[in-house]
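Structure first, commentary second.
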Amino acid sequence: MAGSGRRPEHRGPPELFYDEAEARKYTQNSRVVEIQSQMSERAVELLGLPEDRACLLLDVGCGSGLSGDYISEEGHYWIGMDISPAMLDVAVEREVEGDLLLADVGHGIPFRPGMFDGCISISAVQWLCNADKKSHSPPKRLYRFFSTLYTALARGSRAVLQLYPENSEQLELITAQAMRAGFTGGMVVDYPNSAKAKKFFLCLFVGTSGTLPKGLGTECASEELHQAKFTNERTRFRNVKGKSVKKSRDWILEKKERRRRQGKEVRADTKYTGRKRRPRF
């Protein structure tokens, strides 16, 4: 159930829709990559993870690992599940930092109780509403998914599932099965008044009822937020959130250090690390 940065059209089961050609086309589409990264960032933000330690997250419908890339950049570990072999093959080729599992989440989440500190899913859960085989019952598959996910998550953790519901009935079906499985929470809708930017995030709590976060764009921003703020700080390698700009020297060094902590072989740091190469003539 590979996630994507666009609203998927139903063209059969995802393991057939995302063949090798489609998987590569999807992963190389810069617009899809950008949207996927933005939604992954928002999903991780809604998880409310502790800032003082690295967490283990489950990525449902991980696809080629684009959402996992963001999890890794944040310093967390992850395991990804997807039903598409072609998507996972691309993830392996891309040398993503997470572990990968080929599985149909409609059959359940096959991990021990309390294993994960959180779960995200980008554009994948709505696939469970499709009956692609005679044996498929969307309510049963959704309940199996949510009940086993509830068990696999640590108490007090969250699951944030970004999805594209086809209609209000589908949205109600998904939410009802999640609540039946024991979750509390609800739907967070970002930019509800925008046809293009509107996004649905099902924010679920495990064990304890938390306060449902507010959706972006639901309040009129104050004039102060739209005014530029200037400081004397040097921000060459940092973005507005204090994170290293992707592909910068700092970003590369941070990524290499994470890989060293995971016991992976990494090239030594030199004065040439992160330096742009001159164009060849």
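Backbone N, Cα and C atoms are what each Cβ position is placed from, and that goes for glycine too.
Annotation comment: TrEMBL describes 263-272 as compositional bias 'Basic and acidic residues'.
Summarised by DSSP class, the composition of the domain 'Methyltransferase type 11' (58-134) is 25 helix, 20 strand, 32 coil. For 58-134, the entry in TrEMBL reads domain 'Methyltransferase type 11'.
Annotation comment: TrEMBL describes 204-278 as domain '18S rRNA (guanine(1575)-N(7))-methyltransferase Bud23 C-terminal'.
Per TrEMBL, region 'Disordered' is recorded for 256-281.
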What are the helix, strand and coil residue counts for the compositional bias 'Basic and acidic residues' (263-272) according to DSSP?
0 helix, 0 strand, 10 coil
Beyond the flanks of the compositional bias 'Basic and acidic residues' (263-272) by 6 or more, those residues with Cβ under 8 Å of it:
253, 256
